[in-house]
């Protein structure tokens, strides 16, 4: 077995900062600080290999470990001049702390003051001449060891402690006497014996059980949950750091604290932190005492109270930041005016702080632009783009679903798009539905937020909400709607229409009432770092957009064009939907043509508005894609209105609706199949697009950059047929306007057969755009709207590593994309490549698209900054 113990301290170290995999984050930091000659308590690190051995061998330690541990303690005794378990003078007490390879603050266990018993306590009191301190350290040990190692409920210790304080009429911890501490310690001992039938006095037995407790804590519930939330592997294991105790609770010249080298909230370049005099580290964390600031304008700061120590701490903080080239989170203890650094690690920070610090460090010539970009978590930019809930206050959620679209919104509950429109004039509304359909678009548009009982992260509600930049929570299976009573039920809570709720689309939480919100900010530094990203990345970022508002937001966030304009979204405008329904239900070609002719000028104006905003940036328009049933009326009132407008009996409307019913419409009469079977629809759309281009050119001198895209191709014959129809319309309009139209023609690759047949298809088009939503659905045979019913179980059982509709499945779907690119390029070397599914805004998937040499990705407007950073990071990683 490899070496299990590495030393660090005043005499140098066996390790260094590069050894995080075996020493853990904390151990590697201690080793590095030792090499930098910084004042740290002497100690040693037990490697992560012990943790992995422990779990592979039924929670047993290696046979040779006890000897190696004994040698390490002996070496520590020689270094410190103290004896572990000494009952005569100067005893060595230890801290035992976990240390994962990835920082997991507070998730695993720590034991302080280890090695204590009655005799050691007396020896400690004699050696330092401070019995109160010795008893306080013993009391802390019994509590921490009891709750952490022996699993005695921690509140029982707190109850004993508080009971004695009340009986003695003492309210401040600083007023506790020796006599009272002795009584508390006696009761703590009795509690140990009550739960474990013994009081463990042997320091070596304490040490072994503490080591095992830290190892067990690797798989405690909170650590498991934290790793899942942060995608940390179970296989890393934890190291264990054992150090001599240094005491911040020796009196007024001793203290403990935490300092950040810059503000973790804003990134401001000044020390930020807190400390407590006469305390140990857990006192700051527990909140039992109010800490004081490191820097302040009053006499309560460390700068004022301990100026010499403050100067030393400032120098060390600067040295550590310049050494690690990143903001540091530093824990320290002061023992009788002597400063010790207990730990340093890269500090966690808000998104705005991360950006500000990265920009500052480039300007200070500490790091490069590439390093600055790699410091930014792309997903954290959601904090800058959306309103969010202020969780600094304690809040209790009534339910939780899937975080489908980030941001927070407060409003009154409404259960229909009609009520949303009606009430939105005077109130902010939250639209609550079982699920949404394209028919709900007007209600979604006016709503401040959307909540659905069903659906997943790529359901209709989620996709549309992300495109609109609206908060959305989906798949809230612990909620139910009673449509007749118009109520939302969350356990025992009944929410009526008009009641106020708050939803958090970033966490999936739902709250009753109005919650405190934080407004988004987008600073000059944010703009600058995004500009750096564009300088570096080779993958362009476009937007999925079909309205002027979408386009304006996209340009604001740096989109280099529109990569997907879903033309059918324009049909859901209240002025157009009746005409669309007329066109679909029309019993003959003449009536259909009549409805289309009425739609033509409306569509023309829509496209003109979009081209006008985008100027000469590329606009990729997808011809009508969804099945026609999505446009059809569902309410009796709408059916009657349609019958009246067509001058047809209501019974015929019902017959037509029944005739158009499909068992599985998403794999039925949609996409290019509509264009082939009902060619007049695509012909109208193409005429509207080209007329818009011509009128802008002639009347406003605006040149458009059109890309025309055919959806749901599976067969090259489909492309050939539609291509012939498209160019027939183009030729007719060129003759009409005496104008030569210039555009590129492409297709979606969103079916496995299209990917496999891409060699033939590529000969007929200028570009492919991978529609990864449908490609994932058809590769897996899973509906993205129904995956929420089993996805949690698949993730729990590790059948899926992640949601395949959020992070691209490289092994299956990715392989089809590789095949399509290879075969497509073999017959058309100039073939352009893009991706426009939800994956196009996912950083992990963007790295794959970069590797595949795509020209662009196209995502929801509010994902554009995230995609820009992710695209740059993909390029940087490739070059490193």
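Just so you know, glycine gets a Cβ as well, placed from its N, Cα and C.
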Site-mate of 622, 750, 771, 772, 773, 774 for substrate in Swiss-Prot, selected among 566, 670, 673, 823: 566
Assess whether the region 'Central' (406-503) lies in contact with the region 'C-terminal' (539-879), where contact requires at least three Cβ pairs under 8 Å among residues 6 or more apart in sequence. yes
Rounded Cα distance, in Å, between residue 97 (ATP binding site) and residue 772 (substrate binding site) is 46
Work out the three-state DSSP category of residue 774 (substrate binding site). helix
For the region 'Central' (406-503), what does DSSP give as the number of helix, strand and coil residues? 25 helix, 34 strand, 39 coil
Residue 460 (active site, tele-phosphohistidine intermediate) versus residue 750 (substrate binding site) - Cα distance in angstrom: 17
Using the Cβ center of 566, 622, 750, 771, 772, 773, 774 as the substrate site position, which other residues in that chain lie within 8 Å, going by their Cβ? 564, 625, 711, 748, 769, 770, 775, 836, 837
